[in-house]
Every structure is written in C-alpha cells, then in structure tokens.
Amino acid sequence: MADKTAPGSALRLEWVYGYRGHQCRNNLYYTASKDVVYFVAGVGVVYNVREHSQKFFLGHDDDIVSLALHPEKTLVATGQVGKEPYICVWDSYNVETVSILKDAHTHGIAVLAFSKDGTQLVSVGMDTSNIINVWDWKKGRVLATVKGHSDRIFDCQFNPHKEHTIVSCGVKHIKFWSLSGNSLSAKKGVFGKAGEIQTMLCLTFGPNDITYSGTLSGDVYVWAGNNLQRVIQNAHGSGIYTIDACDEGFATGSRDSCIRLWDTDFKPVTKINLAETKEGYPGLTVRSVHWRGDRVLVGTQDSEVMEIFLREKDKPRILVQGHAEGELWSLAVHPKRPFIATGSDDTSVRIWNTEEKKLVIHTKMENSVRSVAFNSDGSALAAGMSDGSFTVLKAKDLSEVIHIKDRKEVIHEMKYSPDGNYLAVGSNDNYVDIYAVTQRYKKVGQCAGSSSFITHLDWSEDSKYLQTNSGAAERLFFRMPAGKQVTQRDEVRSIRWATWTSVLGPEASGIWPKYSDTNDVNAVDAHFGSEVMVTGDDFGLVKMFRFPSLKKGAKFRKYVGHSAHVTNVRFSHDHRHVISTGGGDHAVFQWRFIPEGVNAQDESGDTGHYTGYVDSNSEDSDSDLSDVAELDSDIEKEKEIDYDRPVYKEDLTRLKRQKKEGNSGQKRQKAPSQGIRMEFVHGYRGYDCRNNLFYTQAGEVVYHVAATGIVYNRDTHTQRFYLEHTDDILCLCIHPLKDIVATGQVGRDPTIHIWEAETTKSQAILKGQHMRGVCAVDFSGDGKKLASVGLDDNHCIVVWDWRKGEKLATTRGHKDKIFVIKWNPHNLDKLVTVGMKHIKFWNQTGGGFTSKRGTFGNVGKPDTMMCVSYSRSPEMTYSGGATGSIYVWQDVTLIRTVSAHQGPCFAMHSLDKGFVTGGKDGVVSLWDESIERCLKSYPIRRTSLAQGTRGVLLDDNPSIRSVILGHGHILAGTKNGEVMEIEKSGPVRILVQGHMETEIWGLATHPSKSICATVSDDETVRLWDLGPDHKMLNVRRLKGGARCCDFSPDGKALAVGFKDGSFSVVNGDTLDDIAGFHHRKEEISDVKFSPNSGKYLAVASHDNYIDIYSVLNTKRVGTCKGSSSYVTHTDWDVNGKLLMMNSGAKEQLFFEAPRGKRQALRNAQIESQGWATWTCVLGHTCTGIWPSKSDVTDVNASSLSHDKTILATGDDFGYVKLFHWPASGKNAKFKKYVGHSAHVTNVRWTYDDKALVSVGGADTALMVWSHDMPGTRDNVHGESDDSDTDSEEDGYDSDVQRETTIDYASKTYTNPLREKTGVKPDQQTMQEDDTPSVSRGGPKPPKVKKADADTGKKKRPSQVEDLSLRHIHGYRGFDCRNNLLYLNDGADIIYHAAGACIVQNIASGTQSFYLEHTDDIICLTVNQHPKHKNVVASGQIGATPAVNVWDATTKQTLSIIKGFHTKGVCSVNFSATGKLLLTVGIDDNHSVAVWRWQQGTKVAGSIGHSKRIFIGEFRPDSDSDFVTVGVKHVKFWTVAGGELIAKRGLMNTAGQNTQDVKMQTMLSIAFGSNDTTFTGAMSGDVYVWKQNILARVVSRAHNDAVFTLYTTLKDGLIVSGGKEKESKSKDSGPVKLWDQEMKRCRAFQLGTGNTMDVIKSVCRCKGKILVGTKDSEVIEIGEKNGQVTMLVQGHGEGEIWGLATHPSKELFASASDDGTIRIWDAQKMVMTTKVSMGSSARSIIYSPDGETLAVGLKNGEFCLLAVGTMKVWAKKRERNKAITDLRFSPNAQYIAVGSEDGCVDFYDMTQGPSLNRVGFCRGIPSFVFQLDFSANSKYIQVGTGSYKRLLYEVPGGKPVTDTATIDKITWATWTSVLGSEVVGIWPRSSQSADVNCAALTGNANSLATGDDFGFVKLFRFPCPDKYAPHKKYVGHSAHVTNVRFTYDDRHLISAGGDDCCLFVWKCT
C-alpha cells in the first residue's frame, strides 16, 4: 500500500456542537422557515429544531465573526477574519453561495447589516481605520467606502425608516452617515447635556428619525437626528450587548444575565433574568437576542443557544451547547458506546452522545483541562489539568474518584492500557508516568529520555509497550510498566499497536508534505481496518490519508470547517464517525465516515456541497503524480515561458518624466516631413498561444502577432491593423456576433483591448486587475461579459462588464498555468478553465466564484488540458488533453474519453453539427456532434497544398495551434507561424506565414528588386516578396541559428552569418550553398558586400574583429583590429575602400580595405564621405537618435534611405522611428510607429525607398511599411507622433502663470494665516479673582457699554439668536474660469465664491445658496440635458476633494463623488446625455476621470498630462469624446470601457496659416460641427482642430490670452472672452461673439474704466451675454445694443482683513489686499463706493460720528478720509509693517494705530491733519491684531499674537495690570478673542488653527467669531467656561478674518481671507 494515491473512503460533516458567543454579537436569527441560523468556527449553521438536523455553509476559509439576515429572512451574509477577508451571501435553504464580496477589507469584517429593501449591505472592517463599506451585494461591488472611526466600531445599521442613512457606533462615539453618490458623510452624535459620552455597543431605530443605542453602562440612549434627546437610565445593570427590533417592540440583552422586552415606544414590558432560571448560572452573559412573536432566541457568551417561550419565560429550553472561550484540546471516545468526552480551558468536562447529538452531562474542574481518557470499559474518565495534576472521574455521573499531582507542567496526553491495568500520563515536564489502576493509581514507573514535552502516546495490544512523541520530533519506545527505553530495531518491529495516534514514524510519513517541519500536524488517528488515518493540523484542515503511508507528500482528501487549529481527531468506537476538535474555535465537529466502495451520495442522501468535502487529489496534494502521463515537451516549454520584462512600456512615461529636466534650452532638430504606413505583417503567433484565429462577420480573418491585432482580407490579400497594444498580444477571442475582438497583452499592469474588426477602433480598454500579462480571454454567450486570466502566480480570473469597463468578479484561478477559459454559452454564470493538470468548473456568484474540480473517477487519469469547448446541451463539456485524448464531461464528472491525436490535442472548436480538433501531429480532424466518430481528417502536408497558393510550407505536419470552421473552410494556425485555410475537399492554402519562435536579427533588401531576405535563430533563411503579392518566395533550413545576412550588389548571392562564428554564401534565388567559412568562435553580427562589383565581403563578429574576404578567390585578405568590444554594425564607403564600424563599447572606428589598417576621420569628413549604406547608430550624425538616459533603451539598428534624407531606426521599445538626416544635436524630433512588441532588431529601406522593412526580435514578425514619398500628401504624420510635444513656448502671461502655479494645498483649511506663538487661551491656567465676594461698593460696572445709537423705528433684537445668510459680495474670477452660467432660460445666474454656490435672480438681485462644500469651490458646471434640468456639479479643493452634484432649485445634494483626485478638482463637465461627469484634478498627475454621477461610480480615470490641465469638456453631442487643454497641451480623449484613450493635438503645416505654428498653452475650448474643436491660446490666437489635427488658426482673436470660450448649443454661435487693453476701436473688445466657424465676430466693450479687462467666464442665453471678470465682477451685456449691466461686484484677488460698520447707518466698509477700500449698503446689498488706495489695505474704521474713515495700509501708512468726498485729508507713515487695526477713541480725541511690528501709537485728532503722536504703548511681545477703547477713553486693550491681552492707559501708554482696576473698566467695544470673558470661544481642535476675530452686539450679550476653519460662530457673552455652546455657520472657505455687527444688530458682516468675499448675515 505504499502508493501515494488518496484514500477511497470519505468523510461527511454531520453535526457541529457549539455556537460562537465570544467576541461576537447579534449573530443568531430565525430564518423564514423557522430554522435557527448562527455560526461557529468557519461554518455557518442552519439548525432545524423540530427535526434536530443541521445544514452547513462552508464557503469561508477562516473564523466567521459576523452575520446578518436579509429582510426576507432566507439569505444570510457572513463575514470572516483573515488577511484578505471576504463576505459570503448565501441561501439558508440550500446553503449555496449567492454572492461573494471581496477585496475591500483587511484583518476581518466585524459588523454586517442589510438595508431595509435588502439590496445593499454595510460592512465594517477590523482594520485600524475601521473602514465602512456599502455594497451592492448582488453585484459584489462597493458603492461607497469611508474610514469609519479611529477606534473600534461595534455596530453599524441602516436606518429602516430613513433612506440612505446609516448609523455606526462604538468606543465613545456614534456617527450618523448619509449615503450620496459614492461617498458617506458623517455627522457626529452630539451628546450635549443629556448624557455622558460613552461607548455604545448596539443600535436600533424607531420612526421619526429616532435611534436607540445600548451603552456600556447599561443605559439606553435615545437620539433624535444626531442629538441625544434623553437617556433611559439603568435599563440594565451592565453593558447592553444586543438590541433587536421587531413588530411588537424591542428586546435588549446584557452582561447582567437579563433580557428585557420593551414596547414600540421603548417603555418596559417585561424582564427575564436568565441566571435565576433552571438552565442558568451566575455570570451568564447575553450576546445575542432575537424576539419573534411568542418566542425569544438567546445566545450567550458561553456558547449556548436558548429559546424562551414568553408564556413560560422562566423555563428556557437549551438548543445548542458548546465549550466556552478558551482552547479545546482534550478528546476521548468511549470504547463501547456512542459517547465522546471533551475537556477545555473553560475548565469543564463534557460528555456528548453522538447518536442523539446532544450533551449528556458536564461538570466543572478546578483547572483548565488539557487531556481526557476513558478506561478500557468506559466506566472511568481521567482528566489531565494545566497545573500538572490529573483527576479520575466516574463516567456515569462525573463524580471524583481520585486527584493526583506529581508534576508542575500541563498534562497534554494520557491513555489507559488496553488491559485496563495502567494509566500512562504524559506531561510537559518531558516525562511519562505510569500508574497502576488497581492499586489506587499508585505510580509504578516513569519513562525518561524525551528532550521535550510529550505530545502523543500509544499502547501496544498486549499492554507491554508504549510509544511516545515529543515536541522535538522524537519517537521513543518504552517497556511497561517500568518504563525502560527500548532501542533495538527488531524488538520495535515486532510490536503491534493497539492505537496509532503518533504523528511520527514510517507509517505516518505521508502526512508530512515534502520539506516541511514537523509541528503543524496536531493529531492523528488510524483506523487499521479501512487502512486510513485522519489528521488535524494548524491550518484548520481535517485530512484523510491511506494508512500506512510511507512516502512523504502523500495524496489526501481534505475537509474544511474548523477555522484555525484542529487540535484533536479520533475515530469513534464503531468507526462510523470521526470527531475533531478546534483549538481557538472550541467547536466539536462530528463527521460521518464513509468507507471505500460505499456510494456516499446514496448513503447520505444529500449532495456533497453541504459537507465541506473537497475532492481528493486536492491542489495542495499534487506532489509528484506517478499516475499522470509524461508531459509533452512543447507543453513543458510553454509552461515555463516567462513573460517578465526588465522594463515595461508602462515605465516609459515615468522615464520620460525623469529626463524632462535635462534638455532645456537647446533647439531640437525638426522631425522629417514624410512618414511611413504599415502595409503588411508576415507572422502569426502560434508558438505559445492557442485558439487565437477567427473569421469575422465579413469573412475576414483576425489573428495577432507581436503587438499588432491583424484583420486579413482573403479576397484582396490586404491587412488592417489594431495598434493600440504596447506589448506582445498573448490571446484573442471574438464576440458571439463576430464583429468585436478582444485581445490581452503582456505588461506590468496588462491591458485587454476590445475593438471593432471592421474599423479597428477601440471600444473598451480594461486594466488594473492582472499582473505580468493576460493569457486567456473569452466573451460570454450574450456578449456582455468578458472573462480573462492573468499570468500572476495565482492565475487570477476576472469577469468584466466590458462596455462599462467594470470588474464584476474575481477569484484565484489555479496555481499552475491556465491555458483556456470558456463561458458556458447556455448559462451566463458558468465558466470552465483548463490548464496544467487541471480542469475546473466555475460559477460566478456576485463578486466572486465558487468552483469544483473535474472528477476523473475511474474513467481517466488526471491530465493537462489544452483546450475546451461546449456542445449544444448545456451540461456537456469537451476538453482536449496533453495525451491526445478528448475528455467528455457531464457537469463536473468525466463520462468517457476518446483518443483523437498522436501527442497533445491543442485546438478544438465546436459547431452545431460537430467538432473540429487540431493536434501536435499536424492533423485537423472533423467529428460528429457527440465526438463518437471522426468524420474526416486532414493531414497538413506539402502535397496537399492547393495550386498557386502563396508561400511555402516549411515542414510537413506542423503542430496545429488553432482551428475554426466557417465560410465553408477550416481555418488553422500552426506553431510554425502559418495561417492556412483548408477546403472541405482537402486542398490547403497558406494565407500568411512568418518565422517561428526565437529571435530574428538578420535582414537584407535586394539591390534591384522588391525582395528581402531574413535569417533567424529558428535556423531558416527566407526570401520574401515585398510587392503586392506579399508572400514568402523560398525558405531553407540552415545548420544553425543565423544572425545577419546581405545581398551581393548584383543580388545573385546572399551572405549569411551564423551564431557559431561561421558564415556561408548561398544563391540569392534558390538558396543553395556556394561557399562557407568558419574562422571565428563567437557569433557573426554583420556581413556586408563592398559596393559596385562586390569584390570584398566584410564579416564582423563578436570576437571584436572584422574579417575581409575576397569574393573572387574566396579567401581572407585582411582583418580589422582595434575594437575593444564586440562589433555591432559595419558600412562600406561608395568606393569600397573604407569600412566604418560600431562596437558594443559605443566606439565608432574606421578601417582601410582590404588590409584593415585603422584610420581616423574628423566629423566633417565622416559627413562628406559618401557611404554606400548607413546602418550604424553612432557618431555625431546620429547623436539625435539616442533618447536621453538611453542606457535603458538601446537603438539596435538604423538604415539611411537611398536619397540620404531619412534615417530609420529600430529600438528596444518596439518603436520604428524616422529622423531627419543628419540627426545631429541631442534629442532630435522624430516620428515613431508602433507594431512590434519588444525589440526591433533591424530595419532596412528597399532599393527604391518605396518601403521600409523591420523585424522584431522575439516577436517573430516581419513588418513591411510603405513610404509616402515627398509630394504624396496623404498621411503626413505617424499615428503616434509623439515627439511634437514639448515645443518651445513663446511668450508669457502673468495671469496664466498665476493660474498655472497657484498652490491650492496651502490654501486648504487649518493653515493659520498669521503665525502666532504662545499658549492658546483654552490651554492657559486662569488666575483666580481674589476680590472679596461681597463688597461694599456698588454693583460692578458692566463689562461692555451697550450701544445707544438711534436705531430708528426698528428696534434692535434684544438677543441675536441665529444668523441666516442673505448675500455674498464676491465672485471667484481671479483663478477660476467658466464658472458663471445662466439658469432657467436666463432668469437666474449661478456662480461660486468661497465655499458657497450662489444662485442669484437677475431681476430682484436676491440670492440663494448651496453650502454643502467643505472648502474653496474652484469649478462649477450646469447639466444641459433636459432630463437633468438645473442639475449642477461643483468641485472643491482639499486633500480628498469632493465633487457635489445638486439641484439648483431645491439645493438638495444628489450625489457626492470623492476619491481618485487629490488636492482639488479644477474642472467639471457633464456629457451630452447628462449621465456622465468629467472631472480634472490639480494633483501632480493632473488626473482626468469620468464618473456615472448618479451612482457615484468611476467609469474611467487616467493620468492627464505632465503639466497643469485647465479645462476638460465633453463634445456637446457625445458621451464618450472629450477634450482637455492646459499648459502646452491639447488632448482629444475617448472613453473606452474602463479606460481613457488620449490623442495629442498634432501640429500640421498644411492647414490654413498653420505654418510654423508652435504648440501653445491652451486655456479654453469650444466646439463646432463635424468634429471641429476650437481652443483659445495664451497668445490670443484660437486654434481650430479637425479631429486631432490642426486645421487652421484664427490669429489674434484677442490681443492677449483667450481665457474663455462658450458654445451656444441652440445656434452654435461662440462667445469668446480674453484679456484686452481698453481701446476705442470698434473691432476690439474683451468679449466677442463669433459665427459657428469663428470667422466673423462682433466685439463688445465693458466700459468698466479699467485699463485692462481680463474676462474669465462667458455665457450666452436669449440675446444676452453674461461675463465674469478677474476683478470679481459679473456683468450682463445685451447683444443688440451692447448695453452693460453690473450684476455682482466684489473685491479682487487678495485677502480682506479690514471691515468696519457705520455707527448710525446700514453701511459697512471693507479694505483688501487688492488695494481698494469699498463701501457697501447692507440694506440694498450693493456696493456704493470704491476707492483705490494704491497699496494693499489691511484695516479700516469709522469715526464715532461716521464722518471720517481711517484706513491702515500694509506698508505701515495710515490715512484719514472724509466720508462725504472720499478724499484723503491726512496721512502718516511711522511704521514699516502693516497696520493691523485702528480705533477712534469714543470721545473722538485720539486715534490708536496698531501695527505688525508690535506697537500701538496714539495720535491727537484735535490738531487737524498734522496728526501729532502723543504716546505709544511699550513692551508688546508680538504683533497687534485687535484694539478696543474703554467707554471713558482712558484705557485701551490690545490683543497680540502671543495670545496675551494687554491693557494700557491712554494716551501715556502705561501698562495696567491691577485686576481690581481692570474689573471696573467698561469697554466701549469688544473685538478681542482673548481674555477670561471669552475663553469659551476657543474650539477643542485649536492646535492648528486660530480664532481670528470677534464682534459683540450692541446689547453686549451675543458674540460672533470667525476662525481658520471657515466657521462663523455665535456665542452668548460673556462665555468664561471652556468650549462654550454655540451655533456655527458655514460658507466661507478657509479663513474668516473679520466679523462686525451693523449698528442696529440687524446684520452681521463677515470677511473671508483668501476667498475675497464679504458675507452679509441676517440676525434674528
């Protein structure tokens, strides 16, 4: 029995004892069929209480820790732990997987919950961020993901009463999430005064937005919205672990052993204390409760499940019991009856009945139990403890017999002897003690000698011997009872063992994999009768092997279910069961043992699915199969092919980026004006690909070679090419409708392209899921899905919705290579894969798969499968194997095999009427529909070639790699690279052929005919016709691989150089030998005949020499020496006198012929010397062909055209490039062409320059390119002209420069605008007031004087309670564009400023706001589709910037999109149907993405450009085409599936006035009909593009940068806006209206009076043009009369710090860094006055009478203006840093001026304009930022940057520090953020940000503040307690710099720092 096969017997899981109550909650439910569902270990259990039966779900591979029941109560979701944990949704009725959700969590899945409608599932991870994911679980797709919280989340539920709402709670937090688009946004629960902040453990919901949460203290918190409303105190005495809601109300369960039932209003109904019931015990903890109708289901911490009937609530009945927490190691089986005993670390010993499947009796011991043993008649049970003692119990009632302690360490193993006289006890003290049972367990012996702890013991049948295993892998034998060690081999051999539980010894070798260490198998038990043994190991597997099993690495059957360690396994006494115990999962599994020969299905009556039974020969046991046929050499080779590349094409862009820095300044040489076009490719990839050849709908043939997809027309013998791949294509398949092709390629992140055969246009590109390459693809039967297989180590399988580019599902395929994947055409969820030694049948479930291996049974042996197809009946599958057999499968079972081919069957194709197969034997066979008989076979031989076929067959019977039937022919592809068509009658036509696998290096073109010769490592020389016939003329096998060849000048001879150092000359026609030499050892790298008569032949070798031979007398006449490395290229001069040579050390040397004397030539000579050929790559004439950093990519070959104008090169990146000759100077420009995959090894022009021929190294392709001669004007540029990119820029524009370089990252929140130093007020310690509490004096004076201004009829509000935003002055025009649009047919306009989007009614001037953004908005667009009327998208800056999509009328958020971009989103645009949204980021990649905004899913994303992109816009008629413009770039994009394809705008000298036009920085986009695009450039020109080619230039459309263009969709007219100086001329103006072609225009003047107008946004509607300027103005122009209306005004760019309100009118004044001060009317909401100060203004204040304005400037000057005239009447500059605040004293005598250099100066106002300084304050430690006078004008308080508030006397400037004085001061105003009165305004998170400003109402009882978080907050005054309660208002983006109330407290004005806005808030 020493064979390694798996045993024939099997196990079936029958019962699991236990329930997981520890570390899990809410995991116990009734299903719809009243079964109980729960989990234990890695098994989901469905328990039928009535029938006492269990069903098992075994789809997990580690511990299950969470469970949720679908609202319809049949489906269950379970989540597990692990490195890559997944969620299974499964059906509790048939326990089949419905969907697998994976790849979104790490560590584990702690919580699961379904939504009310059951379509969505929320899951919470166990990672450090506690990620929350919301899934569309049917599709297995994540809808939204977010970091949940920094601490553990314990529960997360959908609110069933409120759509799209999720609540999560956990350690000290609760969050209320709303789901919108792809983002979850949270509101934190506000605890307020109602309750303490504490940990919440569980959640449930009531109607009207009520949430109930159970807390750790035993209270229930009731939340209304996100505010804590009330607390139900002491609902339980301790933590509430579970809440369950049902129709009757709520049930709660707690750690205090109680369950309470509540009615629907959470009023108590009843309480059940389980600890006091009969089944209860003290300390019982409830972990799960489920109340339905009259019964309550309860799960406890100690693994019990109870059911309580409410009628008799004190009598719970126990449904499930198990061991509680702690490891379970001990297991013993009763020797006579169906009982088992277990003992665990929970100190209990339990006896179970395996027939009735229930617990019989249990007891508690003093210590953890680690081993148990029954005696030989089952009357006694011994238990070994962890403290080294053991106890013997009576089996029937578990009463103690005796307790003995002889050891200190744990007793891990004990066994009674078979005769019942002795008990052997093994301990971790390394000893086994022997006790005599009959002598009251007296110790009679001890076995010493083990060097480590004892793990296993076995007695011999006669009780005379004992074998032991120790932890050090020793197996020792002892004689009993004394314990003497036995060492003699013979004696040991003769022992017969009563049991075998040893993991060591020859009989058990097979359980160890080869090369494994011996501690991961924990237990073994052998069943001698059936010759099997079972093992339990550390990986959670129970395995079954044959016994004995002598060789390591035997086959086995494996069973899953236990999660981690299986600690023990035993056969039951009657061998009908196997019992296994789990360590960490402390579960007991009972398996049914099914002996060999019994049909398992019949006996158990159920399918194998429920049982965790995994087929034998399971993957990990595929060691060395003695029973699999020898592998065919071809397959062996194919399996070993390695597709790794040292450098992938994808890396090119990165390399390019690195080198961009290097080449500034130099002019680069121009690219050639003429180009080439791919005409024909000789080659077909058959050597490592299969089934990659198809007929299209039109009867053309589609296949691939190198990186080219080829569509070949049989009638015209022409080819069309798909050239978007960047590396070798490895697989190809065709859509069921035969019009669309999918191809997969090699790559680091390989792509799959789906393209149309007819047009070769990309339809979709899929990437991001595979590694190394894609080796198999297949379309599903309905053509909607595509399956692909990758070349990574697990050969991952991915299923795509290819049109959308979405991944639908993934799984690991197989550890060995998969060759083919095929969809079942009849069932859209079923697939089959075949490959090395396997066939697997897959079922797609949601985002994952379930799989079954094909069972070979006795019908056949496991084989490597090479191909597979389906027949007409859905359950039949046919696969072709490496042995040449065809295997016929029904479902997953093999039913018969048919021998079809000699050697492997590589290809197979099924039709309605039958099959066609092809094999290595070169035979194509036709079969009937059931593969029973072969109808006809076609051997492929030279004799069967049809008359006049093109090409020559190299060998008879080439290996067939692909077959297909159609159009009355059989199409076959061979390993030799031939594509042929077989007619039904037998003749064979060759369509295309190429070289075989290996590298091609040798290429020569004929001197006078269109013929070329190639030689390759495949040991052939071939002649090709390059004329329209495109065929192989001749081929001959050579003696070895060849590397170079050359025609003689008359074309009659061909020289061939070999790899072994020899060369030969053959006839140029018949290829017969003429001569041969072998003088060198290393390969010959180049051969060249001298020109004219061809007198000499130069032969260059890797021995570093060139030998020169005389052709006439065939001998060597000279040798050129001097090269220090191998020779790579040689060329002759015209006279045949001079040889040029290149070497591998980059030397360029010259030699005289024929002797070989070394010569030196100067550069000028090299150029003027006439060369017969130029194939060298070095020297000054070739400098430009080397890419910078060219150590990475080497140029392998070059060829100069015969007219000496163009140099063609081939390089290691698969490019053929054309350069202008000579290519001197670095980095010359070029045209480049793709098609080859990796190395282009050689290029040659034909004799007449009409064609260029190139060969690829490993891709075996020979490509023929036709050359467009000068004068033929059709294809001027290569498709892939990539070198026209970084053309030198002309000109510079300050506005454009600003916009390009603006750094938004520094503008995001919480970067304080002023750097302050010191301790923040909320961190300072307060000095206590020591004034006596009762004082004789009168009451304290008020802190701040109340305002007594006359407020007219309207009374001021007595207390400002709330603010509402009324108006925003400002429009963001300084760095944003195209952000101003009409809504509602021109009645309203929409734009943005700060963090607000504004909708303003033109007629009334009223505004409404959208305030959901969290930071500066920098772009905005309106959906133009009528279905999505008034839908707006706006994007913001921020680390993970959001795009909000919202409704402009209701201001409702429709979707929030986050992810992909970082830093900010600078452009948004909707597609034609309005369903897609384009976003552009300002991250370093300038990324571009397209989203389905309603779902929030990303359709596609890509790196946009290396430099800044400004705008992206969809074509108005398209959902797939869009254009982006930016710094020196225009790109035309197409959305193809999940990828974006970009084409660069190509310069074209042929268009209208496009000569010498350079690529400019483009700023704006407009569209015309027929694929016309207009882009506005920085120079003021507009470029007009046809597709992606420049057609004409509208020069000087504006005098300076064209910042904005707008296409009117109704009539196609275009509006442009630019930068223009003011001028009187009629034709110029900053805004122009153009016709559809941008040929005629009309200009409009704005009349703003600015010297320069800069327009940033235009829009047109109903005869009106809307204009937004850089200076924050919004203007409307009437088209007819040019009338200008100002709609919005605001400050220009620069921070606004100065803000003041008029003392007696509704006016306010602002001062900004834009150098202006402005006065605004708060009532009418308009600007009344604007004055330019000539320098940045930082502060402003009205005098007490309102007649004078004081303004402080940034340069240290301050001015006084008369309000009436706004003229300056006095100014003074005594400081050189900014004036940060000024104040008039209340008595109008002084003005105090505070500056950034820490000074406050007092000036006397009474002296008139001279402004004498009368004093100043000393000792201010930092800058001053707030000043307030006392009401009596005697004191001033100063707020400083060191967080200190200082007081001084006026005007002397003496510091005041006496608290008594200070307390008596009444202040005239209060703007200070410092001081004990306002400590409460500082927020908790003020570490990184400051409160900038404060303002007090006239009634001195409400305080408003502004801070660096963009909040305006309202507090009560005073607020001396920390973190005072407040209301906060959003809208400003980052910093609020100043706030002021108007004189009557009706309005609050706030100023924004960077956002340049003034907000007017209405106070109520």
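One is the number of the first residue shown, and numbering goes on along the chain from there.
Including glycine, each Cβ sits where the backbone N, Cα and C put it.
Any TrEMBL annotation is an automated prediction that lacks curation.
Look at TrEMBL and you will find 53-307, 718-981, 1406-1676 tagged as domain 'EML-like first beta-propeller'. Annotation comment: TrEMBL describes 233-263, 330-362, 404-435, 559-591, 993-1026, 1233-1266, 1696-1730, 1772-1813, 1929-1964 as repeat 'WD'. Residues annotated as domain 'EML-like second beta-propeller' in TrEMBL: 328-592, 1000-1266, 1696-1963. Marked as region 'Disordered' by TrEMBL: 599-629, 652-674, 1269-1359. What TrEMBL records for 617-629, 1281-1293 is compositional bias 'Acidic residues'. If you look up TrEMBL, you'll see 1270-1280 marked as compositional bias 'Basic and acidic residues'.
Contact between the repeat 'WD' (330-362) and the repeat 'WD' (993-1026) is not supported, since fewer than 3 Cβ pairs fall under 8 Å when only residues 6 or more apart in sequence are counted. According to DSSP, the repeat 'WD' (1696-1730) comprises 0 helix, 23 strand, 12 coil. Recorded stretches compared: 233-263, 404-435, 1233-1266, 1696-1730, 1929-1964; the one with the most Cβ pairs under 8 Å to the repeat 'WD' (993-1026) is 1233-1266. For the repeat 'WD' (1696-1730), the list of distant contacts is 1349-1350, 1366-1367, 1369, 1405, 1671, 1689, 1736-1746, 1749, 1751-1752, 1754, 1766, 1780, 1937-1944, 1946-1947, 1949-1953, 1956-1958, 1960: same-chain residues at least six beyond its ends, Cβ to Cβ under 8 Å. Long-range neighbours of the repeat 'WD' (1233-1266) within the same chain, counting only residues 6 or more positions beyond its ends whose Cβ lies under 8 Å from a Cβ of the stretch, are 645, 676-683, 685, 687, 705-708, 721, 723, 725-729, 746, 977, 994-1010, 1012, 1014, 1016, 1018, 1024, 1026, 1030, 1175, 1196-1203, 1208-1218, 1278-1280. Long-range Cβ contacts of the repeat 'WD' (1772-1813) within its own chain (Cβ-Cβ under 8 Å, at least 6 residues beyond either end) map to 1697, 1736, 1738-1745, 1748, 1750-1758, 1760, 1820-1829, 1831-1833, 1836, 1838, 1840, 1848, 1850-1851, 1853, 1868-1869, 1871. In the predicted model, residues of the repeat 'WD' (404-435) average a pLDDT of 89. Sorting each residue of the repeat 'WD' (233-263) by its DSSP state yields 0 helix, 18 strand, 13 coil.
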